[in-house]
Amino acid sequence: MRDKVTGARRWVVKIGSALLTADGRGLDRNAMAVWVEQMVALHCAGIELVLVSSGAVAAGMSRLGWVSRPSAMHELQAAASVGQMGLVQAWESSFALHGLQTAQVLLTHDDLSDRKRYLNARSTLRTLVELGVVPVINENDTVVTDEIRFGDNDTLAALVANLVEADLLVILTDRDGMFDADPRNNPDAQLIYEARADDPQLDAVAGGSAGALGRGGMQTKLRAARLAARSGGHTVIVGGRIERVLDRLRAGERLGTLLTPDRSRKAARKQWLAGHLQMRGTLVLDDGAVKAVSQDHKSLLPVGVKAVQGSFRRGEMVVCVDQGGREVARGLVNYSALEAQKILGQPTDAIEALLGYVDGPELVHRDNLVLV
């Protein structure tokens, strides 16, 4: 199964607070440099990389001289504000030594639950990755309240993995992986090398609370792996202090715990598209577009659309029908109903002239289409 790791071409790497701050002693720039060197090696090997970095609150606590994590919301937000500055600067300077650009991206769960903002975030991240820039993502703790109190960056990392359709989510933690018993209390505890993410037996061994610096314990990492698995992604939970951990994972070494999905990414995404969104409108296709979509498995271009019905926004679900009204497919549109009306029947190179901008050459991308 480790071929799922060695063959992964798009990685999301999440690094926790305890690792980044040397268990609360401030940002561990030496450790960050070691991880950066390994991530640069991934980049040079042609692997697309997104980094989800915890540590803003913990770094802020260190800068402010606070020994214990505060419970008051305004103090947590203040610590996040102070810490985020140093955190981003540290990543930027470390990657710059190797000639790589970074980009700060602050997200909330709301950004990924609103479909329009979800698509905007996805477009931005894809563009950054295509440009060879390493996005450094953190939750926007400064302005979000519930996420500080209840959220965790393990969940955010899984959402980001789904957002960018990553092949692999790597969660670096202060433990070597998931064990069949708590290794702190049981010296005979054995590392679980591989398991299905949805295996109910994992719940019994994922107990335990989060550390004093962060918000996510092993239970949140298991939930994150299950969230990634819903879209067909694989997750490795592994010790961040293991020497050359990312290099060795890429080489196929059995480090940490590999949690696998029960179906392929394509099948998982298609199932989600088919069953989890309400239809907001209808696109009537000409015969050529019907063939392109249903037989050739191509994207739906504006030139093949004869009519637009209903009211929908970018990112919402529409039904695609032939001229006889038979449903052919359904998918997520790149343009609103009003915009679609303006570009229907037109070639792709006319979109910018008609709208003044281009959100994509397709009305519905083939990755966002499911045949019915």
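Heads up, residue numbers simply count up from 1 along the chain you see.
Backbone N, Cα and C define each Cβ position, glycine as well.
Worth saying up front: this structure is predicted, and the values here are computed from it rather than measured.
Positions annotated as ATP binding site by Swiss-Prot: LYS14, THR173, ASP174. Summarising the environment of LYS14 (ATP binding site), the number of other Cβ atoms within 10 Å of its Cβ, over all protein chains shown, is 28.
Neighbour density for ASN153 (substrate binding site): within 10 A of its CB lie 28 other CB atoms from the protein chains shown. Residues annotated as substrate binding site in Swiss-Prot, with sequence analysis given as evidence: SER54, ASP141, ASN153.
Marked as domain 'PUA' by Swiss-Prot on the basis of sequence analysis: 280-358.
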DSSP three-state assignment (helix, strand or coil) for ASN153 (substrate binding site): helix
C-beta crowding around ASP141 (substrate binding site), within 10 angstroms: 25
Distance from ASP141 (substrate binding site) back to ASP174 (ATP binding site), taken between C-alpha atoms, in Å: 22
Summary of DSSP states over the domain 'PUA' (280-358), given as helix, strand and coil counts: 26 helix, 24 strand, 29 coil
The domain 'PUA' (280-358) [mean pLDDT, rounded to integer]: 95
